[in-house]
Amino acid sequence: MTDRVSAGNLRVARVLYDFVNNEALPGTDIDQDSFWAGVDKVVTDLTPQNQDLLKTRDDLQAQIDKWHRHRVIEPLDPQAYREFLTEIGYLLPAPEDFTITTSGVDDEITTTAGPQLVVPILNARFALNAANARWGSLYDALYGTDVISESDGAEKGRGYNKVRGDKVIAYARQFLDDSVPLAGASYTDATGFKVEDGQLVVSLADTSAALADPGQFAGYTGTAENPKSILLANHGLHIEILIDPESQIGATDGAGVKDVILESAITTIMDFEDSVAAVDADDKALGYRNWLGLNRGDLSEDVTKDDKTFTRVLNTDRTYTAPHGGELTLPGRSLLFVRNVGHLMTNDAIVSDAEGAEGAPVFEGIMDALFTGLIAIHGLRSTDANGLLTNSRTGSIYIVKPKMHGPAEVAFTCELFSRVEDVLGLPQGTMKVGIMDEERRTTLNLKACIKAAADRVVFINTGFLDRTGDEIHTSMEAGPMIRKGAMKNTAWIKAYEDANVDTGLAAGFSGKAQIGKGMWAMTELMADMVEQKIAQPKAGATTAWVPSPTAATLHAMHYHKVDVFAVQKELQGKTRTSVDELLTIPLAKELAWAPEEIREEVDNNCQSILGYVVRWIDQGVGCSKVPDIHNVALMEDRATLRISSQLLANWLRHGVITSEDVRASLERMAPLVDKQNAGDPEYHAMAPNFDDSIAFLAAQDLILSGAQQPNGYTEPILHRRRRELKARAGA
C-alpha cells in the first residue's frame, strides 16, 4: 500500500511529496503550500482536456479502421482516401505562411549544428556521461571503434598498440587538414605550434605555415610560445589540439600532439520517456532527483574501472586565452533538454479525488511538466542555494514533448506549459517545446502543429521507428504491411523526412530552432555510421541523435564536412513532397513470401521484442544494447519495440501468421535471448517455464493484443506487467 499525503484534491505518494518539499522546492522561492495548490488546480483543470484528446485519437482510429474494412475499391484510391481523412478531421487545412517567434533561445539550439544525445534519466552514470559529452577525444573514439580497421597489425588488444595508434593519428591529421586546413601545408608535417601576433603559427621541418583561414584560430592554453593546447573553430564547432610531448602518445608525435578533442554533443535530451521504465512513484522520484542533480550541478556517481573507484561529476566550463589576449570561456557541458512523457499514460505517484476522478491516477505528462519545470529553475541560477552550474544562459527551460497527434495536442501542451509557468512564477514563454514529429497525424499537419507553438517551439525532430509504428497501426485494417527491413526504402519515409525539413525551414527555423533527425541504433558499427550518417546534415538537419558519447564525437566530424546552414539556404523555399506521398501506405503488393521468409521475419521480431522486454520487465531497464538474431548489438527502446510488435500484430490480423506461429517463435527465440544474457548475474531465464515468466507473457501480449493497443503504444502492457513483477517481488 502506497503511503500518501493529501494536497487539496490530490493524494501524493510520500516519496514524491517529500522529495519535492525537501529537495526540489528549496532555492526556488516558491512556497510549498502555494505550489501544491497550483499542482492541484492544473491537474483538476486540464485532466478533462487531456481525456478529450485521447478520445479524439480513438474516435479517428475507429473511423479509419471502419473505412478500410468496408472499402470496395482495390487498390486503395488515393483521392478517395485523402477526401475521407479530410472529412473526418484527420487531415486539416494548412495555415497561412508564418514565421516562428520563439525568443530567448541558447546558441546551441539556434546557431550551432551538431550531435544530440538521448539518455535515460534513471541512470545517473549515463546522464553524467552524456552531460559531459560536450567535448570528446577523437583519438579515443577512433582507437576504440571499428572506424579504424584492425587489419595489418592494428588490433585493439589489451595494451596500447602503436600500429593502431599511428593509424588513429593519421586519420585525425587528415580530419584537421580537411576541417581547419593550413595554407600550403599539412598537419602531418607539423613539428610544433605557437602563437605570434594573435595568429597561429605551425612549425614545419624547414619553414612554418598559417591557417588557410586565420579566422579559424579561436584561442589557446599555456603560453603563446609554448601552448598546451590550440583551439580552432569550423562551422561553429570547436576543435582542440592537445600538446604534451611527455605523454605516451605525444612522445611518438612529431609535434607532441597527444589528442584532438572535438566539441561533440552540443545538446542532450535527458529522457523520462521511451528509454526508461518508470511505472510508479519510486521510479519517478529517482528520475526527478537525477534531473535535480543535473540542474544543481551536484549529481555524482562512483565509478569503478580496472579495480579503481572514482567519483564522476559534471564538468566545469573551459577557459582559454583569446587570440589577441583576454579570456574566452566555452561551455563544458551539453545544453540539456528534458523529454517528458506524452499525453497517454497516467501514473499513480499522484491520484486525484476531484469530482468524477474517484482516486484515478494523474496524467503523467501533466506531472512531468510541473515537476521537471520546477526542478529546471535550479539550472537557471548560479547561487549557493541552486548550485554553481547553470544550464541555459538565456533563461529558458527546454522540454521535448513526444507522441503528439496533430495541432490540438500541441496547443494543449502549450496551455499546460503556460499554466505551469504561472504556478512556478516564471515569465510566460520560459518553457520551450521540442515537437517530436513521430505520429502520422502530426506529420500530415506539421505546419499547423508548429503554428500552435509558434512562440515556444525550439525543435522539430523525425523519429523513424515510432513514426513507422504509427503508420502500421493507423492502417492496421488496410492489409498486410511489407517486412520491417523494407520500411526504410518506402516512398512515405523519404517524403516524411523531406517534408519535416521543408516545413521547418518555411516556418523560419534556420538560425532560430533545431531541425533534427533520428537515432543511429547500431552501437558497435561506428564505421558504418561515419560513412552513412553524414546524410542527415546533408539533408538540412542541424542535429541528429546518437547513442553514446563516442558516437557523438564521431558524428561531430560530419558537421565539419557539411555547412548545414548553407544547405538550409539552398533548400529554403522548396517543397519536395506531396500529401499523397505522405499518405502512401506501405502495404505488401502481393503475399509472395516463402514460408522460410515469413518465419525469418517473425523470428527476427520476436527475438528483438523478447531481448528488450525481458530487461524492461525484470530489471526496469528501459534502454538496452540488445543483440539481434545475428548478434549485432542494437540500441533498443520503446520505439523499436513498437514497430516490431505492430508489424507482427498486423500480419496476425491479416492471416499471414497465426497466434500459434507467434507462440512457437517466442518459444524458439527465448532460449537464444537467455543465452545472449547468460553473463548477467541479475538475469532470469524465460525458458523453459515460459508461462511463469512475466516478461515472456508481456512480449506475447504486445503481439497478440497489438492491434487493440491505443495507437500501437507499448506502455500500457509494459507498465502493467512491470508492476505485476514488482508486486510479486515484494510479496
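Here the Cβ of each residue, glycine as well, is placed from N, Cα and C on the backbone.
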Of the candidates Val118, Val260, the one that Swiss-Prot places in the acetyl-CoA site of Arg125, Phe126, Ser275, Arg312, Pro547: Val118
Glu438 (glyoxylate binding site) versus recorded positions Arg125, Phe126, Arg312, Cys623, Asp637 - nearest by Cα: Asp637
Spatial neighbour of Ser275 (acetyl-CoA binding site) that is closest, considering only the binding-site residues Arg339, Gly463, Phe464 and their CA atoms: Arg339
Listed recorded positions among Phe126, Gly463, Asp637 whose Cα sits within 10 Å of Cys623 (cysteine sulfenic acid (-SOH)): Asp637
Other CB atoms, at most 10 A from the CB of Val118 (acetyl-CoA binding site): 24
Alpha-carbon distance [Leu465 (glyoxylate binding site); Asp637 (active site, proton donor)] in Å: 10
Arg339 (glyoxylate binding site) versus Arg312 (acetyl-CoA binding site) - Cα distance in angstrom: 23
Distance, Pro547 (acetyl-CoA binding site) to Leu465 (glyoxylate binding site) (CA atoms, angstrom): 15
Most Cβ neighbours inside 10 Å, all chains, among the binding-site residues Arg125, Arg312, Arg339: Arg339
Arg125, Phe126, Pro547 screened against Arg339 (glyoxylate binding site), Cα within 10 Å - retained binding-site residues: none
